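Per TrEMBL, the features are:
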DOMAIN    4-333  domain 'Kinesin motor'
BINDING   Gly86, Gln87, Thr88, Ser89, Ser90, Gly91, Lys92, Thr93  ATP binding site
COILED    349-409  coiled coil
COILED    525-552  coiled coil
COILED    581-615  coiled coil
Amino acid sequence: MAEKICVAVRVRPSISEESPSGTFWKIEDNRISLHKLHGTPISGLSYAFDHVFDESCSNSKVYELLTKDVIHAAVDGFNGTAFAYGQTSSGKTYTMNGSLNDPGIIHRAVNDVFQKIQMISDREFLIRVSYMEIYNEEINDLFTVENQKLPIHESLERGIFVAGLREEIVNNAEQVIKLLESGEVNRHFGETNMNARSSRSHTIFRMVIESKGIDTGSGDYSSSDAIRVSILNLVDLAGSERIAKTGAGGVRLKEGKYINKSLMVLGNVINKLSNGAKQRAHIPYRDSKLTRILQTALGGNAKTSIICTVAPEEVHVEETKGTLQFASRAKRITNCAQVNEILTDAALLKRQQLEIEDLRRKLQGSRSEVLEQEILKLRNDMLKYELEREKLEMELEEERRSHKEREQCIRDQQLKIENLSSLVSDGDRSSSQDSMKESLKDECNDFKTPCFKETSNNAFVAKRSNYSELPDFSPLPDSFSNVADEDTWFKMNKGYIADLDALQTTPARKVQSFPPQDITPDCSNDNYKLELQNLKTQLELVIKEKVELQRKHEEEVQINSRLMGEICELKQELDLSNNSSESSKQRYGNLETEFQKLKEERDSLLQTVSESSKNITFLTDQKENILKDLNCEVQRRKDLEVEIKQFSVAFASRQRSLASIHGEFKSKIEKLRAENLVRY
């Protein structure tokens, strides 16, 4: 279902005691607008958002109204993202991290996730956390200082992820808070004119929440239930800066350039996404590592909330306008969030659940906590071995690629050296030919075709043997008195073979193989010598380069041999890790045996408890009957006490009446006695 990104604006308390002299920002319900000093609003500078928080608002209220729904949706299987955006010193880090008295969004989200999980009794959860920073467009792992300059990869199974990033399996909020505190120590902070502790990098705290349903009827895991895998990103962005206000220089200036560049790319992405699907052109997610990692959160399958922090001072009006315009564009973005369910064995929860299914299901009794910690440790070890193996495979592939490139470079250099060597040898050969031609021309400047008919009878043409090799050029005779070489004769007559007996005369010809007359021999020789000298110089340079390449090649060979040794050591470590995995499996077996014993003890205890429950039920019934009888006796006693009191009162009155009657009777008797005495 399509829904818009939830956007809120938070105004931090003013740190300046000066009263505004020209304009000020006014908050009315969910609207913030710029007003003149006498109260008149400025046209076009009024913005409405989902929530607008004033200076007195706490982090608790921001979390409840803006982020809590995203956190609960992440537990239910939706991807979620919450990040703070704004200029430097506007309160982003305080909103995300908070303080001891008022924790931020990250700490509240962690506690809320585990509280939500404890309330869900029909699903089993596995939570992994990671913490990274983007510093000068380089991704660093804040959990492990050694993991620097990590690459971003994408796959059909995992989507967009950072390779080599350390992930910790956690089972309570306190463990996550400790990891966050250790990661904050490794984060880059710096001091500027606007902030004594300014964040110099973007940080992304990521929670991967995996869950699987439990069949409540049998108490066993449901084999057909899908595994939900959701990713929760909590991002604290570094603030945009103006050098004139921050006074940055040196390292701080370089950091500010990278921060502003990534935030500019984020603004471009938000601007493209806010145009709508029909008018949307290419979205430059890959121009920045921040937008590449948050690609799904910004325009895809995720529930996203953005808190834009602004400063109320009049001196920051322009920066506040830019932040509010960014928030207005973000409010128009629509995402289609859906529950992420998978049925393959790719999820870490399912792969590990198959190994310890019986152990996790039956954990009860006094030793359950110790066994839980042992299983969690084994899980972390397995995850660590897998990450190390992936990292080694990447390094080995990179080393192979660089080795191939070095070999190709060496082959190209060798081919270049061979070409230059052949060029130099050809130059030497041509120079030797020219020198021979010049010497021949000095000896016979007026050389012409010999006429054998006019010479003596001893003149003849020397014929070449059929078994001799053909020379590269015509041989030059020592004297031209009465001998002519057959090849020379053949070339001078342009391939014409004459009958010597019928030959009368042969016209004179110039030797075409000699250089023309208009080029002086000394000039040509100097040019060839100069060219030869240049070629020799190039050859020396190439030979030096070849020696240098051979030296580098030897160094590369040594490095390769050393790397191969390290790879062998790593393979040995991998074998040791495999052995430790085998020992872990044995420990799993031992744990399973102990669990069987615990099960028997539990069954016996359950039987005892059942019998005790019956006895308690019987005793309870007896107690109730006794209490009823006791209540009846108490009531009877009260009634008897009332009757006794009434009887006592009646007895006392009767006793008084009897006493009076007795007195009267006694007085009458005495009177009668007196009368009798008088008579007698």
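Every residue gets a Cβ built from N, Cα and C, even glycine.
Automatic, uncurated: that is what TrEMBL annotation is.
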So among the binding-site residues Gly86, Gly91, who's got the most Cβ atoms within 10 Å? Gly86
Near ATP: residues not in Gly86, Gln87, Thr88, Ser89, Ser90, Gly91, Lys92, Thr93 with Cβ within 8 Å of the site Cβ centroid are Arg12, Ala84, Asn195, Gly239, Thr309, Ala311
Taking the Cβ of each of the binding-site residues and counting other Cβ atoms inside 10 Å, which one has the highest number: Gln87, Thr88, Ser89, Ser90, Thr93? Ser90
Including all protein chains displayed, how many Cβ atoms other than that of Lys92 (ATP binding site) lie within 10 Å of its Cβ? 26
The coiled coil (581-615): mean pLDDT? 79
